[in-house]
Amino acid sequence: MIIEPRMRGFICLTAHPEGAAQNVKQQIAYVKSKGEINGAKKVLVIGASTGFGLSSRITSAFGSNAATIGVFFEKPASEGKTASPGWYNSAAFEKEAHAAGLYAKSINGDAFSKEVKQEVIDLIKADLGQVDLIVYSLASPVRMHPETGVLHRSALKPIGQTFSNKTVDFHTGKVSEVSIAPAVEEDIENTVTVMGGEDWAMWIDALKAAGVLADGALTVAYSYIGPSLTEAVYRKGTIGRAKDHLEATAFEITDKLKDIHGKAYVSVNKALVTQASSAIPVIPLYISLLYKTMKEMGLHEGTIEQIQRLYAERLYTGGDVPLDDKGRIRIDDWEMRDDVQAKVAELWKEADTDNLAQIGDLEGYRKDFYNLFGFDYSNVDYKADTNEMVNVESIK
Ligand code: NAD
Ligand code: NA
């Protein structure tokens, strides 16, 4: 079929397999260009198909020749309907990994469930014996709790008071004022249940009990802080409570891993265009000003540059892992630099519909967004008839 982007609100309903393959190839080329990383050799990535998780899988495989198991929740193609982008990314990843002689298998299912955890354990036992790095990179709006069967829905809301600020519809470039009503207590609880650390701890408990964690195993999950501009809706909002919980969970997991000399880390990453971040009001305007500023200063990074730096300059230097005063890894250090934030704050005051295309990187935002779905790659022929029925090699 001829595959074109079909937008509905902030999501794209189609994805392009050739563009997804370009995305994966470009990330692999970047990691290889940076040289070998003395990292983990048997790696489990939970949330491996898009965003930071995909870049983690690529960095492990092509930076450290690691065997990888990837877990994700994606849709394969059906007659006349494309697969979800993460499906095509994973198909392309496995193809490249297998061609390079690397072990790579994937499990498509609900990572929050007991069944998928057991499937992963069985696969590790059968193929790898143990794993020495577990990357936890899930981003989901819902979680079915494995004990209660209750379906929890996260909310992206401020806490305590209505928050009003500027936002942009990045499709039209229109800057407008939004007001977001404050969360009720239940919103906070639900968001912590979905995006907090409980499931991460459940994964590590299950893997440990099954004896599939290697001595000295590391696990890392991803967090975000951001500036005071977005604080009310992000770090001091419902999602921030979930990140507080995730960060606290790292210490609990480290305690539980003492006997096998394991450690859990949270890495605070940079704000980037992903499906998840595009849905949060205010954040797209912040990102478009941040991109403009960081590109001008030569500091811009995407997920692959971020994760390559996380591995090479934080986790696997051979020395101690550098941490902030709250015990977190910081690869948002360039985003949070005073000169970067001062510039973004100045631009924020001026930003309106008329000037945003000049003072912000709306074009870069849109390109990144289209790229998430495999569109807008210069070397893909989007007019060509394309086979949408692409398989992930390890999934039967
Ligand atoms: P993403 O949407 O690109 O990736 C989410 C991954 O989770 C995908 O692989 C998806 O298939 C998988 N997934 C979702 N629900 C699942 C389920 N039920 N079972 C199995 N897999 C499931 O998101 P991302 O932006 O890469 O976010 C990953 C982490 O990084 C999150 O914790 C996020 O908060 C954090 N983070 C994101 C940003 C940002 O700006 N995007 C910044 C800092 C930290
Ligand atoms: Na991810």
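For all residues, glycine too, the Cβ spot is worked out from N, Cα and C.
Note: TrEMBL annotation is automatic and uncurated.
Sequence annotations record features per position, and here TrEMBL assigns domain 'Trans-2-enoyl-CoA reductase-like NAD(P)H binding' to 2-79. The site 'Plays an important role in discriminating NADH against NADPH' annotation in TrEMBL covers E74. TrEMBL lists 81-316 with the feature domain 'Trans-2-enoyl-CoA reductase catalytic'. Annotation source TrEMBL lists domain 'Enoyl reductase FAD binding' at 323-385.
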Residues near E74 (site 'Plays an important role in discriminating NADH against NADPH') by Cβ (under 8 Å) yet at least 6 apart in sequence within the same chain, in sequence order, are S49, A83, S84, P85, G86, W87, S90, N108
Which numbers of helix, strand and coil residues does DSSP report for the domain 'Enoyl reductase FAD binding' (323-385)?
28 helix, 2 strand, 33 coil
If you average the pLDDT over the domain 'Enoyl reductase FAD binding' (323-385), what number do you get?
97
Checked against DSSP, the composition of the domain 'Trans-2-enoyl-CoA reductase-like NAD(P)H binding' (2-79) is 31 helix, 16 strand, 31 coil
